[in-house]
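Scroll down for the structure; my scribbles are underneath it.
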Amino acid sequence: MTSLDPIQVFRTEAAELFEQIETGLLDLLNDLSDQATIDAVFRGLHTLKGSGSMFGFEALAAFTHHCETAFDRVRKGQVPATAELVAAVLDAQDHMKALVSTPNGDHEEASNRLLAALQAAAGEPSAHATVVAAPLPKAVAAEPSKTGGKGFRITFRLPVNAMANGTNPLGLLDELQELGSCTVKADLSTVPTLDALEPTDLHIGWTLDLITDKGRDAIDDVFIFVMDDMELTVTELAPPAPAAAQEASAAAAPAPVAEVAAKADAPKAQAADAKHGAKQAENVRVPAERLDELMDRVGELVIAQSRLSQLAGSSADIHLRAVSEDVERLSGELRDTMMVLRMVPVGSLFGRFRRLVHDLARETGKVIELETEGETTEVDKTVIERLADPLVHLVRNSVDHGLEPPDERVASGKEKTGRVILSARQSGGEVIITIKDDGRGVNRERVRAKAEASGLIQPGQMLTDQELLQLIFQPGFSTAAQVTNLSGRGVGMDVVKKTVEALRGIIDIRSEPGRGSEISLRIPLTLAIIDGLLVRVGSGSYVIPLSAVEECLELSLEDDLRSRGRSFISLRDNLVPFLRLRELFETGTPPDRYQKMVVISTGDERVGLVVDQIIGDHQTVIKSMSKLHHDVVTFSGATILGDGNVALILDVTHLVAVGQQQEAHLRAAG
Amino acid sequence: MTADADHTASDGAEAHRLVLPSSLSIRQAGATRELILAALQESGVVLLDVPDDAEADLSFIQIVEAARRQVVSHGGSVALAHPASGSVLTTLERGGFLHEMTAEDQLFWFHRKEAA
């Protein structure tokens, strides 16, 4: 097993913290007085600073310290949270990401510029123009309290492996001493003899008497990294008599008035964190590549199981058959469990669009509200990763081309605020993600004019509304009169469509002039293993994804002869085009006497595939086509059968499109 | 009276002066422990000579405290060749080891015979 790179671990943790902070900041824009959200953002910044410092990202820690300070002032009510401050911290956060990715880069100028903006937004005097890599505040020597704050007795013992894991107990003590007047006493009672000492273990505990005006939360914040595993007791002390206040630090132990164990209070802090997506202790972080490795192994197991089933099926040994059935059941369960492991909520993808929309609103001057629905819908992690860029483009497109400027919306009787709704829902083996806006809708006249001008269609060519709308997915097509930074470069929608189709998905568009547009992406839940229908065409075996199969029919010789030349079959009063795969694949073999037709569909469109034999269902481990075959459009991949032979997996989307073209040609021919 | 003479006299054995390396942080904690353990096994009376420019952290303080418990439990003696200074003193201050120090601790770390 390979050991984890601590820097990479920090980067992963930082990415989650950035997401948490960003979510908090964007939530805050909805209610600038929400104290829980302000606390959550502060906590995120505090953790980032501490973690950064621990892992040697000093520039990040120093820079984040200023953002944390700004939010600390908000937290304490010294300055109000404002949209300007949130925007400044969002900008600063982008810079923090750069400090994480390239800690040794030249960031000084950007740091100073952003901190100046932050100070202006936070209403701070610009006392420090050059603050990059400024050391974190050093511990102040304990001195008698002049603040008249609350007294706490803090007794703590860190996990025995704390030092080995990078926690610096002295740093925690320094932070506690920064909170106010403090005396510290080390407890050496459990230090073992030298021969029994594991030298990196920690056996020292501490007791502190602290007088602070910063409250209990500030104490908890110090232990934020180690709270879960440590022993911590915080006891509120009776307020010292005014005359004795100066001697508080040297006083004998004051009487406890309330004792609260840290573990009892921890849920309060954790509940706030959980609201903002923080990971709970029971989660295990696993590198994505290990999941991929496991998936590959499961795939190989499924193939081996398939071979075993085939052998058992041809054997008279009932014991072998029983074992084979057990293995088949177990491998199926293992596959299902594996699939669940790879599933991640689509909310992790949606989260980033809140920031995108916030930035787009600033850039365009439009007033935009983003709504998200179905964030808990789960999709294979690979699907999530590949969908990110297409969705960014679609959201940009909605904002740039769809939503009107506020005055135009008001003039047309709409609300000033334009809405973009991003939603996800599961439907069978697919997830449907839609991007909907209430903007001006697609301008059909402009689409037609552009398509005619670029030769995509003939002048005056008859097109259905759907065909016209689908033109926007053609390469090089853009109706934007003005190219902007957001979209309109004509390089987006065709790439979006290709990406979706590469995921074996379908893209669909609906648009109503003046009311808005809706683009739907139908994507399979997983890309790794699918249930397939194994068929024979000529001497070759092929797999049709079972999720696309509607029904199977027998194509009698009479029906075949009758339909020749038209390749249509009447299915419950609907004409369905069909493709003879034997001819399409040029097998050179005569048709089977009892040919079968497998009717497949994508959305509302159907097509029949004529095959020689339907063999049965098949757990299909998808293997990518080689680079030599990347331009083969009829097949989306290949799989290995139980007998070791290879079967090609049919690209349903492509075949349906071919069938629809065939139908269109025949209709055009009358 | 120096600590050296003190311990030599009290234990009646020749003290082994162990000159420690400058790096006394957690990264070298294993090696530091081994050095002191070996010296104690060899002589039983050990003077720890901490260089002026030593970089010590909490792990070193804990090792020294463990060594003090070792000699109490197994016999022998351990002392500092010089009163604590530099990073050792800083760590003692930051770590709260100076608060309510016993006379014994005062003697060990600062060679002072009277409690503060």
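Using N, Cα and C of the backbone, Cβ positions are placed for all residues, glycine too.
Per TrEMBL, the features are as follows:
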type	residues	note
DOMAIN	A:1-103	domain 'HPt'
MOD_RES	A:His46	phosphohistidine
DOMAIN	A:279-527	domain 'Histidine kinase'
DOMAIN	A:529-661	domain 'CheW-like'
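Cβ environment of the residue listed as 'phosphohistidine': A:Glu68, A:Asp221, A:Ile224 lie under 8 Å away, each six or more residues apart in the same chain.
Sorting each residue of the domain 'HPt' (A:1-103) by its DSSP state yields 82 helix, 0 strand, 21 coil.
When the domain 'CheW-like' (A:529-661) is classified with DSSP, helix, strand and coil residues number 27 helix, 69 strand, 37 coil.
Confidence for the domain 'Histidine kinase' (A:279-527), expressed as mean pLDDT, is 83.
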